[in-house]
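Peer 1: Residues or ranges marked as active site, proton donor/acceptor in Swiss-Prot (evidence: sequence analysis): Glu130. The annotation Co(2+) binding site is assigned in Swiss-Prot to His7, His79, Glu130 on the grounds of similarity to another entry. Positions annotated as domain 'VOC' by Swiss-Prot: 4-134.
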Amino acid sequence: MIGRLNHVAIAVPDLEAAAAQYRNTLGAEVGAPQDEPDHGVTVIFITLPNTKIELLHPLGEGSPIAGFLEKNPAGGIHHICYEVEDILAARDRLKEAGARVLGSGEPKIGAHGKPVLFLHPKDFNGCLVELEQV
């Protein structure tokens, strides 16, 4: 069911500074900022040879990233994202196995324009997991 690692998401207090660090210090290919109002974030994707890094910064009132940064002012790893071929089948199988899907349980369109779901971190060793349909 689980596919390749799509990205590791890192919440950052200063999006421009974080992007510059990846671009200038590490020599990475850094994309342009994208506002994702449905998710309350602005994101920048960093392309690596084998996966991506997603930099997350709060967007708007009630952003879940704002709460994360309040607890972790320097930022930190927010979630990991795995690819799945059929997000509804994956959701149903995970729920049957006892995993909790966050929100309404229905996929939303993510930053790549594909359906995504999030799984409760308490069900995955403290790690928030995102599933993205490929």
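Heads up, the Cβ atoms here are built off N, Cα and C, so glycines get one too.
In terms of burial and nearby residues, how do these features look in this structure?
Peer 2: Glu130 (active site, proton donor/acceptor) falls within a strand when secondary structure is assigned with DSSP. Sequence-distant neighbours of Glu130 (active site, proton donor/acceptor) (same chain, 6+ residues apart, CB-CB distance under 8 A): Asn6, Ala9, His79, Ile80, Cys81, Tyr82, Gly110, Val116, Leu117, Phe118, Leu119.
Cβ neighbour count for His79 (Co(2+) binding site) (all protein chains, 10 Å cutoff from its Cβ): 20.
For the domain 'VOC' (4-134), the predicted model reports an average pLDDT of 97.
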Peer 1: So if I measure Cβ to Cβ from His7 (Co(2+) binding site) and keep only same-chain residues at least 6 apart in sequence, which ones fall under 8 Å?
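Peer 2: Looking at Cβ-Cβ distances below 8 Å from His7 (Co(2+) binding site), excluding near sequence neighbours, one finds Phe45, Thr51, Lys52, Ile53, Glu54, Ile80, Cys81.
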Peer 1: Quick one: which residues besides His7, His79, Glu130 have a Cβ within 8 Å of the Co(2+) site's Cβ centroid, in sequence order?
Peer 2: Asn6, Val8, Ala9, Glu54, His78, Ile80, Cys81, Tyr82, Leu128, Val129, Glu132
